[in-house]
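Student: Pasting a structure below so you can have a look.
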Amino acid sequence: MQTRNTFFWIKEQMTRSISVSIIVYVITQTSISNAYPIFAQQGYENPREATGRIVCANCHLANKPLDIEVPQAVLPDTVFEAVVRIPYDMQLKQVLANGKKGALNVGAVLILPEGFELAPPDRISPEMKEKIGNLSFQSYRPTKKNILVIGPVPGQKYSEITFPILSPDPATKKDVHFLKYPIYVGGNRGRGQIYPDGSKSNNTVYNATAAGIISKIIRKEKGGYEITIADASDGHQVVNIIPPGPELLVSEGESIKLDQPLTSNPNVGGFGQGDAEIVLQDPLRVQGLLFFFASVILAQIFLVLKKKQFEKVQLSEMNF
């Protein structure tokens, strides 16, 4: 009887442990995969400010290049590609939240004109699906289907992101017209330096919050430092906490100034933004243009034939 009770107790404990592990995994993976888009989505109603600045730049302080490629013109109710390229050196490693080094990830926000939206899966061609890979796009807001976000995703695999876009049809959407429209995009590689609440991440430089002499440096067991700065005039002490990740640049007994860097800047990533233009083309206008070209070509042909006929008449008159 006691053996059976022991068996059931062990089985119950193992079940609990497995359940807890699964819950922790799901929570951590969800928070990691959704972290970057959620920061912007929760803090800003619109990712593009009135100045034209995309809000992701508030957390990703370094400026890096970015490129977007879209067709010059598209017809209504057609699927096309918007390709966003986020270039960086694939050999670089970034500081992770735990202070260790790891590969960079990338993310992007694509701001389309009103009426443009993510193409439904049944409208995407097999060739385009192959370019998209396993990426999962989402709308910035349920009411803002024209603003798409993605990331963070592995940068080594997705430094080039293909968005499948469906163009609107003015025949069914009266607020859409055949015009030239702007498209805005922002993209980051690597982690940010500032969180939305204004606090620093461990992926940035830490400066001295007071001037004086470093009286003590304590290396923490889980990484990072605790630096005590003593004011030379009154002996007042200020403690600076450095998280795991940045490398220390100062030592005990060193005299430092206010805002002097205490650590190196470990950031190797950055944010970039760009824009492009696309024309929603009227099919009737295209047909009219083709008809015009055809009429010009026919006119040229008739002109050549008429000229040859006139030359024959002249030649026959001369022979006569």
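Every residue gets a Cβ built from N, Cα and C, even glycine.
Keep in mind that what you see is a predicted model, and the values were worked out from it rather than measured.
According to Swiss-Prot, the protein has these features:
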- TYR36, CYS56, CYS59, HIS60: heme binding site (BINDING)
- 1-35: signal peptide (SIGNAL)
- 286-306: transmembrane segment (TRANSMEM)
Student: In the structure shown, which of the binding-site residues CYS56, CYS59 has the fewest other Cβ atoms within 10 Å?
Tutor: CYS59
Student: Under a three-state reading of DSSP, tell me whether CYS56 (heme binding site) is helix, strand or coil.
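Tutor: SS state of CYS56 (heme binding site) = helix.
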Student: Can you tell me how many other Cβ atoms are located within 10 Å of the Cβ belonging to HIS60 (heme binding site)?
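Tutor: Excluding its own Cβ, HIS60 (heme binding site) sees 26 Cβ atoms within 10 Å.
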